[in-house]
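Novice: So that we are looking at the same thing, I have put the structure below in structure tokens.
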Amino acid sequence: PLQEKWELLNRSSLESQKLGLMEEVPGLKLKLGNMEEKHINSAERQHKAEVKMKFKIKHIELYKSKYLDLQLTVLFLFVCFVLFCFVGYQYIFFQDCRIEELTLLLSQFRKMNDIMTVVQGKYIYLLAVCVCPTGITEKIKDTTNSDLSSVSSGVDSGQQSPVLQENVKNSSIRKLWGKMKRPGVLSDDIEPIQFKRGGFRATAGPRLIRAPDSGRPSRAHTSFSKWTTEQVCGWLEDIGLGQYVSLARQWVDSGQTLLSATPRDLEKEICIKHPLHRKKLQLALRAFSNKTMEKSSELDHIWVTHWLDDIGLPQYKDQFYESKVDGGMLQYLTVNDLLFLKVTSQLHHLSIKCAIHVLHVHKFNPNCLRRRPGGENKTSPSEVVQWSNHRVMEWLRSVDLAEYAPNLRGSGVHGGLIILEPRFHSETLAMLLNIPPQKTLLRRHLTTNFNTLVGPQAQQEKQEFANASGHPPLTTTAKVRPKKLGFTHFRQLRKLRMDESADYICPMDTWNPPAMSGTPKRRYGSFRGILARDSDRLEQVGNAI
């Protein structure tokens, strides 16, 4: 019985131990799972670290290769620089040697030239002995000996200048043959050959051409239809279309050929494909056919480039010069012509339009614009309208806005635009001067001086126009685009003649306004309404952006 009890006790203790171990198994499994999860996480982190390390190693290798390439480039440039310096030094050295050789050859040539001069002088003396009488021969001998003595002294000294040697070389010939009017007769007086304009002059080519002034007296008293080919070609050169002279000489028989030519003939026969060149020629021919020479025709295309400087648009000088736009073309410029000249800004269109109006008022006087301030203490709007762009900048300096005055260069702002354009206000000028909107006191100062400058009447008319019309204010970014024509408009466009063009930048009906015959104080008063209506037409022709 004791043994059985003992076995039972052992068995019960073993079972209790078994139960205890079985209770510890879930905890161990949980720990094992945690350990495996930690191991997996550590393996992932190690893999990511290895990927990052490989990526960094690749970047370092790439930078290393770039650094090596840079070192090779620097080395190559250094070697090239050294070679260039060496070659340059050798070139300079050889040039110095060459200069020394040329100097030596020049000195030898001078000596030979002096010797030939002496021999030539003796030959002249012998020739004079054979041809001339005894008394004259002695006179020539004295002059020749004096020349030869000077030459010999120059040979001995070796310090005679090349110019003096050249003069000495020809002095004996000039003294002998320059005094002869005919063989065997000498004279102390020489009648110089006077240069006569209008004759033939030599050119670089194989032919002879006549000077530009040669045909003008004869052209003035002859109708254009009877001009010869050379007179027509000379006239083409005078108006700036000289590039078409070679073809015109082959096609034009007389002035009547051009008068009866159509634009298609001009483009086909003389190759005038430039539309403004063709327009310039047509306007000139129309003036000849109507026998009416306008005052504007006296202003050439060079004057127009200076005029663009005065109105503040020098950036278009190259286009106007290449198109040969002269004073006679200004009054016939259209919106499309300005777009062809790359004038796309609406403000610049208005600037050119107002400037042409000022020219019309002053009958195209080339000096109507004022470039410098005068001695006037108080200016009137009729004087301000004649201000150039530079004069407006001077006014800005006088009202303590000198730091903003350079911003008006290339803006197209002049006195005509300030007075005649109803949408040009002090806000527009402040925008062009780049005065920030937050500087209210500065803008108020500009507005006060601007209103004083334009006067109460112009200020009132500008305000009435702004209140009456629904147009947006004038901006510096507005552009003019050509009108898009539909298919039905092409037939009408082809039928239009030059007189029927409706898109003149300066319309014909604004040339002689009714108020111009009134008092001179309101000389420009009627222009504002016309310009307002013309602004509407400009907006209809082009779409402002």
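Yeah, the Cβs are placed from backbone N, Cα and C, and that goes for glycine too.
Quick paste of what TrEMBL says about this protein:
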- 72-92: transmembrane segment (TRANSMEM)
- 227-291: domain 'SAM' (DOMAIN)
- 304-362: domain 'SAM' (DOMAIN)
- 387-418: domain 'SAM' (DOMAIN)
Novice: Sort the residues of the domain 'SAM' (304-362) into helix, strand and coil with DSSP and give the three counts.
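Specialist: Going through the domain 'SAM' (304-362) residue by residue, I get 42 helix, 2 strand, 15 coil.
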Novice: DSSP helix, strand and coil counts for the domain 'SAM' (227-291)?
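Specialist: Summed over the domain 'SAM' (227-291), the classes give 48 helix, 0 strand, 17 coil.
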Novice: Under the DSSP assignment, what numbers of helix, strand and coil residues are found in the domain 'SAM' (387-418)?
Specialist: 21 helix, 1 strand, 10 coil
